[in-house]
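In what follows, a structure is listed as structure tokens, so that the remarks can point back to it.
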Amino acid sequence: MFVMRSTVCLLVYLLVAVWTPQAKAGARTPFFDLTQYNDWPQFEDYVKGVAHDNPSFVQLKTIGRSREGRPLLGVRIGKPAPAGRRKIAVWLDGGNHAREWPAFHVAVYFIEKLVNGYLGDDKITKYVNTLDIYVFPVLNPDGFVYSRTSTRATIRQWRKNRAPENCTGTGPFSSDLCCEGVDLNRNYDIGFSHNNYPFNNPCSDEFQGPRPFSEPESRAVRDFVMSSEIYGRLYALVSMHTHGQLWILPYNYHKRTYPQDFKDLETLANRAADRVFAYRETKYRVGTAADMLGTATGGATDWIKKNTPTKYVYVLELPPDMKTWFAFQVKPHWLIPIGKETWLGIEVIFDQVIEETKNFQPTSEPSSNGTADSRSPRFRQL
């Protein structure tokens, strides 16, 4: 009797396994609890694990190391391209500000959605088969680790990386103050100036660093987007931050300064924001941060838009909106709802990328002559 019951249980288990979408897809992801905030080791194990468990369409990417030697990890999700062809690529990241924990977790939600939906969801299967989707959940692991070490506001709300102290800082009543860290999203070589306060102050949350690309984290992103692996085929990039419910377009280093194809970026951003709003009425403002809030020099997305052929480049400031103070870490029960609604906007971008590039073949040669705005066409038409 025991043997018969065991046999029946085994058969039931196998039938369930066969007919669940995830098993049908042959895809699986390691456990990652999106109902709570996780620490860096959980992110590292997850990213490595999802690549290990799904080698047919997920590849681990390490684009560099942080100040303290932690890997800058991500995944490339996409079926291999046919011989002699290069696939269009898109990029999603969780931003580079230490205290913005929700953005890191939403990036993991996107990986979950793509991997577990492959072959079980027609739309996601199309994305994975058509595109190479790069996802980098945490581009500032040192700062993130530090922000998790204490509930003290000065540590929990840490924004920068963990660059050694710089003793040229100023305060209300003193100078030559020593402060640590560089804001990685001010460290790119666009609008960079030693005369811009507070970006030139090491004791500011937005310290740009002593020089452009002084930090290994920003150099790693720069070198990768300019590498032969991705240059010329990266068509869209979305960097997630918190908070404010802002869909930010380039350029942000100067007010009323826009790329030539700004209207295309704005139109797509409005469509994506409308799709998010239709889900549960989360309202995003669309525009440049320079026009909506004030200038911010040295931004990663500004530099990428200016110096590569990537067309659609955005920063998303995730919920809550600007009326809420100190909301860089929303209550963790909001992580999945924010992931769900944000994914709807990402789908709009993916669909547009696929539609625009269906007759295009990516190029692979970075040009040293001029900016991306002066190079045309961005991609070679077949």
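Backbone N, Cα and C define each Cβ position, glycine as well.
Annotation comment: TrEMBL describes E317 as active site, proton donor/acceptor. According to TrEMBL, the feature compositional bias 'Polar residues' maps to 359-374. For 36-353, the entry in TrEMBL reads domain 'Peptidase M14'. Residues annotated as region 'Disordered' in TrEMBL: 359-382. As annotated by TrEMBL, signal peptide applies to 1-25.
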Open item on the list: Please give me the CB contact count at 10 A for the residue listed as 'active site, proton donor/acceptor', counting all chains in the structure.
Closed with: 24
- [ ] Would you mind giving the whole-number mean pLDDT across the domain 'Peptidase M14' (36-353)?
- [x] 95
